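Q: Below you'll find the structure I mean.
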């Protein structure tokens with residue numbers, strides 16, 4: 001026999017097993033491709049539990065916090081009535097703070113009451129309480145609120161500006177004049193809406209009266 005030369009002998013650099021690469025995907029494919037020896041080395045993993053399927057017809061409902069449900073809707077706050085009520089409540093609160101810090105503290109009751117009433121009507125209109133409590137005449141109540149608020153703010157603002165010289169009283173009078181303008185705009189819009197509603201009611205009554213007269217005339221002619 002011819003002796004083997006040292007040059008023809010290839011020395012392995014590391015003891016790596018000459019297994020073929022796995023043809024499957026993941027460890028399961030590797031076990032299937034490497035045979036029983038690899039299966040003994042790598043015991044099979046238990047199959048993961050399948051994800052629970054949602055029941056038919058069930059839908060995930062987002063949980064709304066309780067405080068968010070009490071807040072007015074954004075669509076109402078962006079409307080003209082919502083902006084007017086926000087302006088009325090904000091100006092009333094600022095005027096109240098100015099009267100508290102001024103020497104004309106005798107007038108602080110009026111802006112406090114108007115602030116609370118504006119907040120009440122804001123949440124009442126946002127929650128549509130006028131549809132739930134139909135026994136109350138909401139437009140007339142809102143109209144009287146705006147008229148009385150405009151008159152009261154105008155009177156106390158003139159008094160605060162004319163009789164008191166401190167800066168807080170002057171600021172309260174200025175904010176009171178702004179509140180007077182906002183309340184005047186509000187009751188003007190309410191008056192127009194009520195007038196339109198009454199005109200529609202009168203026209204409907206006239207139409208029904210004409211129909212009844214025509215029916216009576218037709219029956220008499222027959």
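Here the Cβ of each residue, glycine as well, is placed from N, Cα and C on the backbone.
These numbers come from a predicted model, not from an experiment.
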Q: For which of the residue intervals 66-86, 171-191 does TrEMBL record transmembrane segment?
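A: The range carrying the transmembrane segment annotation in TrEMBL is 171-191.
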Q: Within the domain 'MARVEL' (76-195), count helix residues (DSSP H, G, I), strand residues (E, B) and coil residues, in that order.
A: 105 helix, 0 strand, 15 coil
Q: Which residues of the chain, 6 or more past the ends of the transmembrane segment (143-165), have a CB below 8 A from one of its CBs?
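A: Residues 88, 95, 99, 102-104, 107, 110-111, 114, 117, 121, 172-174, 176-177, 179-180, 183-184, 186-187, 190-191, 194.
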